[in-house]
Each structure stands twice: as structure tokens, then as C-alpha cells.
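Enquirer: Not my notes, these are from Swiss-Prot:
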TRANSMEM  15-35  transmembrane segment
TRANSMEM  36-56  transmembrane segment
TRANSMEM  68-88  transmembrane segment
TRANSMEM  97-117  transmembrane segment
TRANSMEM  142-162  transmembrane segment
TRANSMEM  236-256  transmembrane segment
TRANSMEM  263-283  transmembrane segment
TRANSMEM  297-317  transmembrane segment
């Protein structure tokens, strides 16, 4: 089997394994009494991670350079990063719920790379002179790892918002998610049926008395789940943000060496800055401003869209120095 055939086998295998693993995690969430499913899910993600690593290694041997120079390679590197961050988050949190939201994204990335990209974008090609630099591995790999971590953290925030929908959740204790939650019931004021009373002059008057109606509260199990999701989200974003910062700085140094300017407001650079600002605002709100509960989760959830626009949306528009030029 030559390297090209091996790569085709590995990319299809990684997609199939992630698809089956996604079904296992969903089944485990629907039927938590089945003890075998969580272990199968973790094993599936580990196998997919190894398959993608082997694919990237084969690509490296075939092309002779670190395989992150085109969209196909970067998508698989991103999928590898998502599965790696998943394994770290799952191990540290001891929660099998991580895979419920991360495996669909990892599977979707591999499906897009394997099934949707044109054939010419899946083949390796010699590097252009501008990319023949050690900064390629330093800058791009760190940026892709930061995207993976920030995506996983944002997914945990989205899951937190779903679990706590319709409720006002606040975190007691430190901002790192180690305290317990308290639930503030949302009370709505309504008017009871009128009570008619006779007045002194023989007439009648209607008395309207307000009543308080409390919304349904979360169960203790859901409160514990919300705490776990918030904790994972905060810690994973705390991992991805320094990587994003390092990646942006490395890119600026590389740009100065290649084009004589640290920053040129290329669309990719602009959206990288927007991504940095969104997650900087999230961490600032959590650490300094004391935001807790749903408000910072909404900010983190919006970062999921921002990361995808920065990584894929700008690249596919065919504009700027970072374009893959597929749509235009």
C-alpha cells in the first residue's frame, strides 16, 4: 500500500470511527444506565485521534513538510486538535458528556475534508517560497490548536446554555467554576381574580391582589451538570486563549520577516484580532468583572461562530494572503 492509498484509508476510517463514536455518546446520554457506552466512546475518540495522527504523519512523509499548508491538511489537523482537547477535558473532568457535543463537530470536520473538498485540494503540492519557513509549523500549528481548544470551550458553553435555558443561574464561589450553583427563581407577578367588596355608601369595589408565580427550577442533577459544563468551558478556553495569543505573535513576526510589516490588516489578521478580543472579553468578565452563569456563557458561545469565520469563512472567500480560494 503506497502513502496515498494509506491516506485515503485513514481519512475514511477516521470519519467512520467518529460517526460511530458520536452515536455511542448520544446513546450513552439517552441511556445512562448502560455502563459500557462511556468507555466505548472514549476508546472511539482515541482511535480516531490516532488515525488522524497517522494520516498527518503519512502526509508529512509524502510531501516532505509539516502537513498544514492547505485546507485539507489544516482541517484534519483541526480535527486532531479537537479530539486531543476532548480527551484532555474528559480525563480531567471525569465527565462523559464532553463527547456528546465534541464528536459531532470532529466528525463534521472530517466529513467536510473527505467528502466535500475538490480532489485537487486534497492532494499535496510543493510549498510556495513564502511558506518555506520554520515559522509555518510554529505559527499555523499553534493557531490551529488554539482554534480546537476555543471551539471545545465554546461548545461546552453552548451546552451550558441549553441545560439552563429559562433559568437564571449564578455561580457561588470563585470564577474558575469550583463553587456550587444557586438558582434564582424567576418570579412573575400576576393578578388574581377580583374580589368585590361593599363600600360604606352602599356601592361595590373590586380588589385585585397580586400573586407570585415561580418558574420550574432545575433538578439537583441538572445543577451539577451545569456546574461541570461551566467548569470545563472556562478551563478549556483558558488553555486556548494563550495559544491564540502566541500564534498571533508568531504570525506577526513571520509577516515582518516575509513582507516587512508586522500587521497589514489582512482579513485573516483582522478576524484573528476579533477572535482574540471576544475571548479576552470573556476571560476579563469572568476574572475581573465577576460575571458568572449565563452571561459569560453567551459571550463564549458567540466565540464558536467567530472562530469558524476566522478559520474558514475568511479563507474560502479568496481574499487576502491566507486565502484557499475555493468559492471565489
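Glycine too: its Cβ is placed from the backbone N, Cα and C atoms.
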Enquirer: Are there residues at least 6 beyond the ends of the transmembrane segment (68-88) whose Cβ is under 8 Å from a Cβ of it, and what are they?
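Expert: For the transmembrane segment (68-88), the far contacts come to 11, 14, 18, 42, 45-46, 48-49, 52-53, 55-56, 59, 98-99, 102-103, 105-106, 109-110, 112-113, 117, 121-122, 124-125, 127, 131, 136-137, 140-141, 144-145, 147-149, 151-152, 236, 239, 311, 315-316, 324, 326.
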Enquirer: Between the stretches 15-35, 97-117, 297-317, which wins on the count of C-beta pairs under 8 angstroms to the transmembrane segment (142-162)?
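Expert: Comparing 15-35, 97-117, 297-317 against the transmembrane segment (142-162), the winner is 297-317.
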Enquirer: Under an 8 Å Cβ to Cβ limit, what residues of the same chain, 6 or more beyond the ends of the transmembrane segment (15-35), are close to it?
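Expert: Apart from its flanks, the transmembrane segment (15-35) reaches 41, 44-45, 47-48, 51, 79, 83, 96-97, 99-100, 103-104, 106-107, 110-111, 114-115.
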